[in-house]
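Asker: Features from TrEMBL:
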| type | residues | note |
| --- | --- | --- |
| BINDING | LEU20, ASN27, LYS155 | xanthine binding site |
| BINDING | ALA127, ASN128, GLY129, GLU130, ALA131 | 5-phospho-alpha-D-ribose 1-diphosphate binding site |
Amino acid sequence: MDALINKIKNEGIVINENILKVDSFLNHQIDANLMEEVAEEFYNYFKNDNITKILTIESSGIAPAVLCGLKFNVPVVFVKKSVPSTITNAYQATVHSYTKNKSYTASVDKRFLNDEDNILFIDDFLANGEAFRGVESIVQQSKANLCAVGILIEKAYQDGHAYIINQGYKFKALASIESMNENQINFIK
Ligand code: G4P
Ligand code: NA
Ligand code: NA
């Protein structure tokens, strides 16, 4: 998606070969117009897949996921990274983030996923895919169908990309990074 790739080229800061900083339009300040274009792009790609629910993870997945919710006209659920005292009955999975070198309990209240749901998972980044595996476990527990995966920015050389492809999910990344260093970001065409 050209608009997203151009935004990354203009405003992205490569911290090291594993971390791209995009806090001016995605992870801190949010470009709402760009998020709307992102949702339009995902809608064009997945509109015939009978999606009944959008699923994402807090916090940075929520903005693009909500705009997808508008396009698909379905509810948006986000995985929580802490277990709130108000949740009494939840699907849970332990996620270890290599990026942050810590683990957390991902949870979704059982009221918000069920065996009739056909889910599109949306997230801002795909790296090693640890968060994705937690989501996959939660969806399996709920007996919903994980139909498709939409990622804004993937670093295709990390493990998450191959994992999702090997599992056979319908997959779309709007910006696929092949490699990056302080001077350059190379996108897969
Ligand atoms: P991991 O297995 O390598 O730990 O990666 P995972 O995909 O689970 O991502 C862990 C966190 O790091 C996620 O955010 C993800 O969005 C973020 N992340 C991964 N790679 C990059 C990157 O290159 N740049 C930036 N800016 N973030 C990256 P999170 O900690 O779950 O939280 P939030 O930002 O969504 O609140
Ligand atoms: Na994220
Ligand atoms: Na993030």
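Counting starts with 1 at the first residue shown.
For all residues, glycine too, the Cβ spot is worked out from N, Cα and C.
Fair warning: this is a prediction, and the values are worked out from it, not measured in the lab.
Mind running through what each feature is packed against?
Answerer: Listed in sequence order, the residues of the same chain lying 6 or more apart from ASN27 (xanthine binding site) and placing their CB within less than 8 Å of its CB are LYS21, SER60, ASP124.
Take the CB of ALA131 (5-phospho-alpha-D-ribose 1-diphosphate binding site) and look out to 10 A: across all protein chains shown you find 25 other CB atoms.
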Asker: Do me a favour and check the Cα-Cα span between ALA131 (5-phospho-alpha-D-ribose 1-diphosphate binding site) and LYS155 (xanthine binding site); whole Å is fine.
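Answerer: Between the Cα atoms of ALA131 (5-phospho-alpha-D-ribose 1-diphosphate binding site) and LYS155 (xanthine binding site), the distance comes to 14 Å.
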Asker: Work out how many Å separate ASN128 (5-phospho-alpha-D-ribose 1-diphosphate binding site) and LEU20 (xanthine binding site) at their Cα atoms, rounded off.
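Answerer: ASN128 (5-phospho-alpha-D-ribose 1-diphosphate binding site) to LEU20 (xanthine binding site), Cα-Cα distance: 14 Å.
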Asker: LEU20 (xanthine binding site) has how many other Cβ neighbours within 10 Å of its own Cβ?
Answerer: 21
